[in-house]
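What follows is a single structure, written as structure tokens, with notes after it.
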Amino acid sequence: MDGSDEKVPNRGNDCSFEERTFDCDEHFCHKGLWSCGDGECIDNMGRFVYEPSLSTDDPCRSMREYNYQCEMSTDYPLWTLPTGLCWPFPNYIDSAYRTTNNQECLYLIKCALSGGLESTCPCSHNQCLHLISKTCPHTIEYPSVPLIRPYIKTYFEADRNWHNKEPDTFLASGSIKCRGYQAHIYVREPLPMMPQYLYRALMLDDGICALLTTVHRNTSHLASPYDFTTMAQTFNNLQYQFFQCNQSKVCLSLHRVQDGLCDCGPAELCDDEYQTYFDNHSCQQYRFRCSSARFGHSKRCLYVWSMGDGTTDCLNSYDHYAFGVSELPLVQITCKQRNDIGCSLIKNYIRQSLLLETNETITNTEIFTMFHNLTNLSQQPLIPFRYYCDTFWYLNAAEDELSSYCEKWICPKEKYQCLSGHCIPITWVCDGVWDCPDASDEQGLFIIDTSEHNRNLPDLGSMIDKCRQYYNNRTQAFSNHCNLLTEYPCLLANVTDPLDLRKNRPCILIEQIGDGRSDCYGGLDERNVLSHCEANRMIGFGFRCDDSALCLYSPQVCSSLYHMSRCPNGADIPICFHNQLWMTNNVVGAVCSKPTDVMCLNDECIENARCNGIVQCENGEDEYRCSSDKDISNQVIYRGSKQSDHYKEEASLLYLTDFPPPSASLIKQKRLPYKKISKDTLQSTTANEQEHYRAEAFFYCNRGVYILSSAGVRCFCPPSYYGDKCQFYSDRLTVITHLALTDDKFQTTYIAIKVVALFLFDNNQILDYYEFDGRGKFEMNDKEYRKHRFHFVYSRKAYFLKHKRERYFNRTSIAQEHPYSIQFEAYELRSHDTIPLLVGLWHYPVYFDYLPSYRLSKILRLSLNLTNDACSTNDTTSICKNDNSMCQPLLNANHSYKCLCKSGYYGENCKSFDQQCLASSYCSPTSICKSRLSSARKPLCICPLNHFGPTCHLKYNPCNQVPCLNN
């Protein structure tokens, strides 16, 4: 459901306006993504609307991340409606009564954050300071409901800068579900974490359960700890294989251990990724196996989508590059059809990896050659012409930004041209961030002659003066050693001891910046040229270890929180001098223990000196590798906020007005609460508001159809939803199956097979059914298998709801009784006047009927030559009790069988007969009549060849030249 069986998981971008049960309703967002609630997934960081996004993802089309906090959006001025949804237009009148100070206070906060969007707002932004200070307490909770997690609350200070929309404080208070108990937590001190550390919600839960002292543990028999000794068995009585996290006690399937994903969480140091289980066990056949992992030095079993995903898990980088060869990046291998060359290569590559032992390498020359040829033939993605030489990387290996291509580039007249030829907005010049690869928009300005193009730019002179004042001062690290007008200060690369400043003067020429050669330790001078080894992006303030297959993101560099991700060979130690706990004489510096403390190179410990903009160490090393860009979004993705803004700018070009407007354009509008529309209302609103009113019809009924009648609005719901607004999700089973016709007879002739899938209760009551036809040549073609996808919905009749409730609270019933099942019956269709012949039977109990959604994925293998026919080796009369039934072997269970009732019969031992199935009474004479155990429900008719309809009386003869009668 999370797409982990495909190389590129689906993000569900169309789920907000397309009805796709499998791709949307049950789409599970994998780690690193956040659910929009309708099947669409966005980057986890994208949910924080008050933070510039760390990704280039668009927001949820449903705008779920804005709910109840619309005013905190940095993208648009919005107003939160009583329903929690957002209103985007000015002059909205908030009719809610404000009778208390608290209500008035929240109203003023909304005015301040939204810029006075509501028509009666008395102020906007910082104009509201006086009113808020007069009306509100010093610390105000907003939104008034927790949104990040049920126990994480956000607070604003009254005397703050109201242009900044990020909350001032995060507090943990409330109930949290831990393993085996419910706890109430209250932390008086603000959480020592910013929103970027809160984005993994479930991991945050586990970490708090593991680390926080709980005030009260509420236990009950309904939340009792799991008894591993007596209940750790599968439904077929095999011992359940699990792993338990050390502190949170979360239980994981062993298939989630050593899979490259941290399930136990950083608070537990990712216990699940440091085990040795797979050193003695095999990976699943569709996982890629590392012979030796990067962290923990044990084997890993990786999902297919993790191959070439930007994260290197294998020590030999085989999961990032084919055979570890940097010229063969796996990210370039695409897999779109089952048998295309990319899919075949990935499958063979995985198959080869499963044969490896520790420290072995793949030596399959044929596969290597195929990879090499495919990589050479692979085409770069197509990008707009304007994307070239704009300093952002779109093509593999940054081919669109190579200085050798861009040096003759012609920039738009309103943009600044770097010495390297790249084009950037004029506002980026001298803003403290290198945007040009050679820093010619920052320090490099001192050594270049202004080009004719740049001389025509307005205010360039004042920006150069700003740069000179900014950089030609002593607030930079090692500025006392360098001439800042011609040199760039940094620890040197390619020397024995970079920290010996007397022997190795920490300065390079400005001309050396961006020349493709690392002159500064860790490639700091090539931050816009070197690529991060786990993604096609600039390394920025990250760090490339000596092992070129491992890079650290900026937050990982020298961080105690990410010690397991530090360079294993200690290559990052020279740049981490500032957070050492000991002095050069091995005396522990007790006071130098906080992340903001600095151990200077002269063994002086200065508290809170790290990256505060003030030189305090003798050589200014407390400010070394401190980005002047304080935007938190750029700590992970270098220049991330600028790229995000760039994408938003580009996105606006995609929404040019079409005429006539396509009907689908309404669907792309923002979601609104329902509001009754009258003719007078439409006449009094703006065109934008009218469009907004019309668009609400697409969202009011969720997945249903919006009907406006004289009685008001009604929603027609699909079977998978119910409620007056189709807002409730029906418990369901989804089925994905493929009919594998393996006999040559199926491939060489046009034998037609009809498969009937029955949803059964108590093994004989048909709740629902689904039919599909298959022929050998059509079920599997050269490109892909034919998959049949459908779903069944559990009955909501009173009897079945009562049965479900009673069963839910009965563990014995759950473990030992399985009343629901899915049965597949395959019939051979020979001719239009011949009764269908049963040739195959498969029966699958539904073990997890208590879950709201359960997926059954099975291949139905049909062979005409049975090797284990249980019916042929037994007395079928004694087996099936009477002549009203027939013995049929189960193809999914060797030596097993089932007695099926003949046409018209039903019940225990097939003793009862449905009178509706009398000859020619309901079903056609040559069809099979299956009773549905209820006089109110008509039987199920299984039609012969070329017959169709609910009773099989309708005929279709493809050879008839005149199929229509009576003119």
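Count begins at 1; order follows the chain as displayed.
Using N, Cα and C of the backbone, Cβ positions are placed for all residues, glycine too.
Within the same chain, the residues at least 6 positions away from Cys423 (disulfide bond) whose Cβ sits under 8 Å from its Cβ are Cys389, Asp390, Thr391, Trp409, Cys411, Pro412, Lys415, Tyr416, Gln417, listed in sequence order. Residues annotated as disulfide bond in TrEMBL: Cys411-Cys423 (among others).
According to TrEMBL, the feature disulfide bond maps to Cys418-Cys436 (among others). On its own chain, Cys436 (disulfide bond) has Thr391, Cys418, Leu419, Ser420, His422, Ile424, Glu442, Gly444, Gly514, Asn528 as residues at least 6 apart in sequence with a Cβ closer than 8 Å to its own Cβ.
Within 10 Å of the C-beta atom of Cys611 (disulfide bond) sit 16 other C-beta atoms, taking all shown protein chains into account. Annotation source TrEMBL lists disulfide bond at Cys611-Cys626 (among others).
Per TrEMBL, the feature disulfide bond maps to Cys901-Cys910 (among others).
Among the features that TrEMBL reports, disulfide bond is placed at Cys943-Cys952 (among others). Within 10 Å of the C-beta atom of Cys943 (disulfide bond) sit 25 other C-beta atoms, taking all shown protein chains into account.
The domain 'EGF-like' annotation in TrEMBL covers 867-911 (among others). Long-range contacts of the domain 'EGF-like' (867-911) within the same chain, counting only residues at least 6 positions beyond its ends with a Cβ under 8 Å from a Cβ of the stretch, are 764, 825, 838, 840-844, 858, 860-861, 917-918, 928-931, 933, 939.
According to TrEMBL, the feature domain 'EGF-like' maps to 913-953 (among others). Distant neighbours of the domain 'EGF-like' (913-953): 752, 754, 756, 764-766, 769, 771, 827, 829-836, 884, 901, 903-907; these residues of the same chain sit at least 6 beyond its ends, with a Cβ under 8 Å from one of its Cβ atoms.
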*Determine the most Cβ-crowded residue among the disulfide-bonded residues Cys411, Cys418, Cys626, Cys910, using a 10 Å radius around each Cβ and all protein chains in the structure.*
Cys418
*Closest to Cys943 (disulfide bond): which of the disulfide-bonded residues Cys611, Cys626, Cys901, Cys910, going by Cα position?*
Cys901
_Residue pair Cys952 (disulfide bond), Cys901 (disulfide bond) - Cα distance, angstrom, rounded_ = 20
*Residues in the domain 'EGF-like' (913-953) grouped by DSSP into helix, strand and remaining coil*: 3 helix, 9 strand, 29 coil
*asked:* Validating a neighbour-count step here. Other CB atoms within 10 A of the CB of Cys901 (disulfide bond): how many?
replied: 21
*Confidence summary (mean pLDDT) of the domain 'EGF-like' (913-953)*: 85
*Counting each residue once, how many in the domain 'EGF-like' (867-911) are helix, strand and coil under DSSP?*
8 helix, 12 strand, 25 coil
*What is the interatomic distance between the Cα atoms of Cys910 (disulfide bond) and Cys626 (disulfide bond), given in whole Å?*
80
